[in-house]
Structures are given as structure tokens and as C-alpha cells.
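Okay, so TrEMBL annotates it like this:
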type     : residues : note
DOMAIN   : 1-354    : domain 'Major facilitator superfamily (MFS) profile'
TRANSMEM : 6-24     : transmembrane segment
TRANSMEM : 31-59    : transmembrane segment
TRANSMEM : 65-82    : transmembrane segment
TRANSMEM : 89-111   : transmembrane segment
TRANSMEM : 117-136  : transmembrane segment
TRANSMEM : 204-225  : transmembrane segment
TRANSMEM : 231-252  : transmembrane segment
TRANSMEM : 259-278  : transmembrane segment
TRANSMEM : 284-307  : transmembrane segment
TRANSMEM : 319-347  : transmembrane segment
């Protein structure tokens, strides 16, 4: 039933992703982020006190759905707060904190064996994010795209003040936004495929999202069906994601995006194949090679995030990330079925497919 529950979560997340996309276009990144955090908190608490399995599954799924929305809005917002030259670094740092959370999770689960208390431990911090209402401003880029220029300039001036800088005179004189930079009020998939180049970009990014999700989630879920300490294995595989961020920071500006992305996928594939044929008695060698594969696919995943936000203009960036990353949820739907069905034939067969 685990694969069905995982597929249910991913399917619900896919539907909510499109809903939050249109909501973020209309109401802003900040509002949708706060609503998602509130949804995570409320649904998580209800799941912790669920009287039966059906109630638990329902609200645990809803919590995951709201979680996808909060991550999506937060990622788009942080990349819009900075200039294009810093967008890559900020995106990687955001991913780095995700990795730190994954590293902490097995320790928390080990210290809190009760699933109800564990559920509360990972849920209650979401309510603290509601304080962002008074701390974090709306995305200036989104305000500009909605022609709310005065509000955007005020926020930009406040940011510059805290950084000890002054806005250039030309910036404060902005009173209108060119029509091409206005965010589309009713974006459609056609906006992503209007030209041959846009079609090529969109199809490539969608495929990259799908394959990265299948392999990444497959490797994570595989930890639950192999022998060994689950907590230690989860922690080691999570630690492997840390070097990925630093490798990307050191290479992306020097050699571009395509070469690191291609090499990361090749290394991930080779590592999976090698791991499949290493005997179980060579545990640490098998774990090491599998960890290299986890590192490589993490690099590929993070590069897809960055490229997706860079390829499209502000007026459809939010929509493009939502639509293209929807293939990530589709990959998440496929991953558990692929893993458990193939593992029933041969435990290492999923690695060959990856």
C-alpha cells in the first residue's frame, strides 16, 4: 500500500501545484506561501491525532500537498528577490537548507520513536513561518509585473537601506512597467511553446524534471527495502547531497549548465549500474558507490531548478516552474511503482532501470 499512498500524495501535489501557480500569479508569492504553511501545520496536527488510518492518510497527504506549495512559492520568491547574477547562488543555498533538513530528519526520527510525537515535531515549526507576514515583504519583481510600482520601489529602497546601499536614481524614477514584463493574468501552456526554441526548452526541462525525480525518489525509497540500518543509511545518503551544492557553485559559472548536468546524469547512471552488481557482503563499497549516485542525481536535480527559473522571463516564470516541475510529481507517481514492482523480480533491478 506504500506505493499507492506515495502515488496519491504526488497526484494531489500535482493538482495543487497548478492551483498554487494561478493563485501566486494573482495574489502574490507571500500570500500563497503563508496559506501553504498554515495548511501544512493544521493538516499535520490533525494527522498526529488521527483516530484511524483513513484520517491519517487523508491529512498526511494534504500536509504533503501544502508542503509542495510552500516550497514552490518560497523558491520562486527568493530567486526574484535578487538580481539575475545572484539567482543561481540563492537557488543553490535554498536547496542546501533542504539537504540540511533531510540530514536532521533521521536523527529526529531516532530520538522520537513514537510516530505521533514525530509527526508533531515536524509539523509545529510550520506555524512559526506565519511570522513571516511581518518580516518578509512581497516579491518586488511580482509587484512590478502587476504594475504596483510604488510598492515595489518602497520594498527595494528598504532592502537597499538594510544593505547599506542606495538605489540608483533611474530605479526610483520607474513609474510603469513595460508591457512585456507584466505577469500574464491568465497564462496558458501555449505561452511555453509559442516558438520552436521555447518548445525545445520546455520539452527538455520537463524531461529533466521527470527523470531526475524518478531516480532521486527511487534511490531514497530504496533505503527502506535494503538491508542495513535505515537511520544510518538515510543520513549517509543525505550527507552526500552537501558536496553537490558546492560542486555546482564552483562549476556552473565556469563551464555552464549543460556539461555539469550531462555529467551528473551519466555518473548517476553508471553508479546505479555498478551498485547493482556489487555483492551484499561488500557493504561499504556498495554504500559508497550508491552514495556517489545520490550525489550525482542531486546535482542534476538542483541544476534543473536553476535552469527552469533562468530560461523563462518574469511574466511567465512562476507558471513555467509550476508546469515543468509538474513532471517532477509525475516522476514521483511512477517511482514507487517502478521500485516495488521491479524489486519483486530482483532487488537490484530498479538500479539497472535508473
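Keep in mind that glycine also has a Cβ here, set from the backbone N, Cα and C atoms.
Because the structure is a prediction, the values reported are computed rather than measured.
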Please check if the transmembrane segment (117-136) comes into contact with the transmembrane segment (319-347), where contact means 3 or more CB pairs closer than 8 Å and the residues in each pair are separated by 6 or more positions.
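The answer is no, given that the two segments have fewer than 3 Cβ pairs within the 8 Å cut-off.
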If contact means at least 3 Cβ pairs within less than 8 Å, sequence distance 6 or more, would you call the transmembrane segment (319-347) and the transmembrane segment (259-278) in contact?
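Contact between the transmembrane segment (259-278) and the transmembrane segment (319-347): absent, because fewer than 3 Cβ pairs are under 8 Å.
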Answer with yes or no whether the transmembrane segment (284-307) touches the transmembrane segment (89-111) by the criterion of at least three Cβ pairs under 8 A, sequence separation 6 or more.
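When sequence-distant Cβ pairs are counted, the transmembrane segment (284-307) touches the transmembrane segment (89-111), since at least 3 lie under 8 Å.
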What mean pLDDT does the predicted model reach across the domain 'Major facilitator superfamily (MFS) profile' (1-354)?
83
